[in-house]
Amino acid sequence: MLERTLRVLEYNKVKEQLLEHTASSLGRDKVKHLVPSTDFEEIVEMQDTTDEAAKVIRLKGSAPLGGITDIRSNVKRAKIGSMLSPNELLDIANTMYGSRNMKRFIEDMADNGVELPILETHVAQIVSLYDLEKKITNCIGDGGEVVDSASDKLRGIRTQIRTAESRIREKLENMTRSSNAQKMLSDSIVTIRNERYVIPVKQEYRGVYGGIVHDQSASGQTLFIEPQVIVELNNALQEARVKEKQEIERILLMLTEEVAVEADIVLSNVEVVANLDFIFAKAFYAKRIKATKPIVNNERYMDLRQARHPLIDPEIIVPNNIMLGKDFTTIVITGPNTGGKTVTLKTVGICVLMAQSGLHIPVMDESEICVFKNIFADIGDEQSIEQSLSTFSSHMVNIVDILEKADFESLVLFDELGAGTDPQEGAALAISILDEVCNRGARVVATTHYPELKAYGYNREQVINASVEFDVNTLSPTYKLLIGVPGRSNAFEISKRLGLSDRVIEQARNHISTDTNKIENMIAKLEESQKNAERDWNEAEALRKQSEKLHRELQRQIIEFNEDRDERLLKAQKEGEEKVEAAKKEAEGIIQELRQLRKAQLANVKDHELIEAKSRLEGAAPELVKKQKVNVKNTAPKQQLRAGDEVKVLTFGQKGQLLEKVSDTEWSVQIGILKMKVKESNMEYINTPKQTEKKAVATVKGRDYHVSLELDLRGERFENAMARVEKYLDDAQLASYPRVSIIHGKGTGALRQGVQDYLKKHRGVKTFRYGDMGEGGLGVTVVELK
């Protein structure tokens, strides 16, 4: 494909927009090297592939391409024996995870009945390297640091380092806190110079501490001295750090060697995910410009329905129907300048280039396009200053080149053919050039403002005239392409609308020939007839589509109703049974807990209450629900409830005491040792006489209440985790724990954020923080309870 054609049709601007939808540098590299194909089979496959990716986006909204980076150079370095850095190894692990995740994503969709044969073929080439991926992530943290657990030796060395640092700091801090030190030190701090711990000593007291001077302040008044008493400790610390560095290098070399062993597979996987990134970028771009998959034919004709230029705002562009190659092989668009002829010409060219690049094009469904071996375009004023060529000469140089190369597999686009010279000679040249290209079997779209070419379409069987509609009322083009209607100047109508007198206009009409007037009148009537015919056709087509859509919708609804009816009934029954079973299990757990507490003599619970509660749950679920509804209706509290009131909780048949109102319809109720939320409609007020001494609510304190000091939420779903946090905090408060730990892991951070958002609202939480280095760091939240 000629570079000049790609430039004048703004193909690279389309590629720039396509680049915005890539997820990695791998995909961007593919886009930068994208050129139109001329192979029919390849183009069909590319269109089908883009269509499958577009289907994925319609169903899922996106594709999991995050975390993928260009690791090819790193893998090649590993292959020749270079040691990779922690971040380079982490990039490799993340890319391996991304490729594995993408493979699983496509295969899961296919397993669920989504037809994606081409994408399945792509992901089938991805080889999972899970073991290598885990080895890297087990040794290297998210921040690119080699973690303590990378090896037992590294863990031991870092323990030594922390111990040595602690001893050094302790000694130095004791020195800085002494009363004598205040006058000798510039500041009571411990700092580091040249990787050794030092203290800032005033110049005049340098001999007091002995040791080694490592640095001085800009003024020279302060010396950073390593006191003699910690020199040996600092030496031991440095030795440990050297060992740490050596062990880290050993681990990195080991991991690099593992990568080198699998280098060919890793590189192959990278190529697959690069192609997938490229494919999905095409699909996302299609969604952005509202493009569809064209039918690609091998019969040298195109039928672009409601075609739009992809670089023009779809809100302002006027779509057009453009057909070429069946009933006619050449379209000559005539009419005045600034009427949108060039936009129409470029729309044809860019749609063909996009389609042959595997991109969907901005047209309606069922549009067709063919494959051209060559696309030639002579558009715009590109005269060469160096060659001192005029506008006409510049165009003619390009046209000569086109005439030498154009054949029956070519698409030729001429903009203002014959312009830039004497109108009569220019029109004659334009006709001859069109005849030459048409005789070679090429498909041609040409624009011109020469009136002589209006008759050209009527004298040649394979040529048709066209024009861009002009609205005389608004004095502006509508940009609507009218196939079969030649353009006219509209000069008389425009002048009349602008106020020129009828007398002057009539005199002007007398100056042109009768034949010309007849032709203009004929064109006007033809234009009006075409408008009416097109309007009627559009109305009929709209009604047909509406009827077909309604028919399809009714059929779909009937099928769905018949298919889903039994399934929904079964699902509802199953869900009901699951809820009842879950309620039974929960009640069993409560009963078991109460019995254990009774054995520990921490609560006063009667056997007949346990048996009665269990017997109610053992009954049929519909009966239980029915009884509860009746009870709720008959026993809804009529009295204004207050904190401290005694109530009967109908679900359990137990008495409780109101603690506080948590919402318009719910109270926090203490039932024995348990505290729970209960709706007002599910409780019955008990009228008890006031006593001079309040009866204490049963509480549980001390170590005998077996609640763990930490709650592990790793692997839990978000909703389940929040429910466990709520119950755990209640239990911990009952056990009088001052501090507990909640383990949520690092992960994506969603669970961690959810836990901390909940802690902010919990009344029993005094404060909370992340765990320290020995407590689990960012993977743990330590909670101080009130």
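The backbone N, Cα and C atoms fix where each Cβ goes, and this holds for glycine too.
On a predicted model such as this, the values are computed, not experimentally measured, just so you know.
According to DSSP, Thr342 (ATP binding site) is assigned to a helical segment. As annotated by Swiss-Prot, ATP binding site applies to Gly335, Pro336, Asn337, Thr338, Gly339, Gly340, Lys341, Thr342, with the evidence given as sequence analysis.
Annotation comment: Swiss-Prot describes 711-786 as domain 'Smr'.
Of the listed binding-site residues, namely Gly335, Gly340, the sparsest CB environment within 10 A is found at Gly340. Here the domain 'Smr' (711-786) has a mean pLDDT of 85 out of 100.
In sequence order, Ile333, Gly335, Asp415, Thr447, Val468 are the residues near Lys341 (ATP binding site), counting only same-chain partners six or more apart with C-beta under 8 A. Each residue of the domain 'Smr' (711-786) gets a DSSP state, and the totals for helix, strand and coil are 35 helix, 19 strand, 22 coil.
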